[in-house]
Amino acid sequence: MNPTLSKFMLARTPDRILHPTPTMNTPLPLNTGATIPALGLGTWQSEPGQVKAAVVHAIESGYRHIDCAFCYQNEDEVGEALKEVLAKKVVKREELFITTKLWCTFHTRVEEGLGKSLKALGLDYVDLFLVHWPVPMNPKGNHPLFPKFPDGSRDLDKSTTHIDTWKSMEKLPETGKAKAIGVANYSVKFLEELLPTTTITPAVNQIENHPYLPQQEIVDFCKGKGIHITAYSPLGSTGSPLMKEEVVIEVAKKHSVEPGTVLLSYHVARGSSVLAKSVTPARIESNRKLTTLDADDMEKLEGISKAKGFTRFVYPAFGVNMGFPDKQ
């Protein structure tokens, strides 16, 4: 086509066509060739007895991406929800994207850890299996999830490393029990330790991410390595003032949406998928709405941490330097 004509047509193409509004199920590419839906339902800190109803409502409302973890201790309820929606033919299994995670006390028992989640979820496979934290803990300690020494410090398993764990993770895709494998809560430091040893590059790094904690160094590093970012705690945290930030409200008014929509859409604008946690039907539904943020919106949102500094809401007391710049 004539270059002049191309420019003419491009200049007159409506913006809604050039930059379509993202949807909750906009497919984002993974390095495996698969895709991950832009918005997922998070199940962390969901109260027992409420998780099943939340997952059923979410899937009936159009969600196809559900994020779980053995450590959340509610995968049995998620499994009940999945059984119900599959039996009712609300959705087919292959239309869902289910993520779960290997807990720290299972670093030397990777396949067993996945097996426990699969049994609870009632599934033959998950679409994504993540190393929850790169911190092995004693599998024979005084608690199955959070073993501690008498002084209260975490009982770490120093006989193994997160690199050893990943070598076991790499055996899973060929079993068919995990379509893709990845990591969570990895800093650049830990990724730089891991990547030279891998035969399979992690498909995903799931991290705490929001305008108070953009973690730009990790986002950029992962992008350069073909590792997709999934953001958790996108609203900051329960009771976070992020929802009341003047800049967030200003951008929300500009687009005639709620502040929460802006905070979720911020991640999709960065090419990341994002997890929204709720057990409230109305909130589950409102979280589905995404909008297109322009360069000016993103500059304003990125200016929040530049003006106010970084705030990290999730940082377990492992007693390990996780390598995050804001914690040095």
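Cβ from N, Cα, C; glycine included.
The active site, proton donor annotation in TrEMBL covers Y72. Marked as substrate binding site by TrEMBL: H132. Feature annotation from TrEMBL assigns domain 'NADP-dependent oxidoreductase' to 39-305. Feature annotation from TrEMBL assigns site 'Lowers pKa of active site Tyr' to K101.
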Residue with minimal Cβ packing [other Cβ atoms within 10 Å] among the recorded positions K101, H132: H132
Whole-number Å value for how far the residue listed as 'active site, proton donor' lies from H132 (substrate binding site) (Cα to Cα): 11
Spatial separation of Y72 (active site, proton donor) from K101 (site 'Lowers pKa of active site Tyr') - C-alpha basis, Å: 10
Number of Cβ atoms other than its own within 10 Å, given for the residue listed as 'active site, proton donor': 20
Segment confidence, the domain 'NADP-dependent oxidoreductase' (39-305), expressed as mean pLDDT: 97
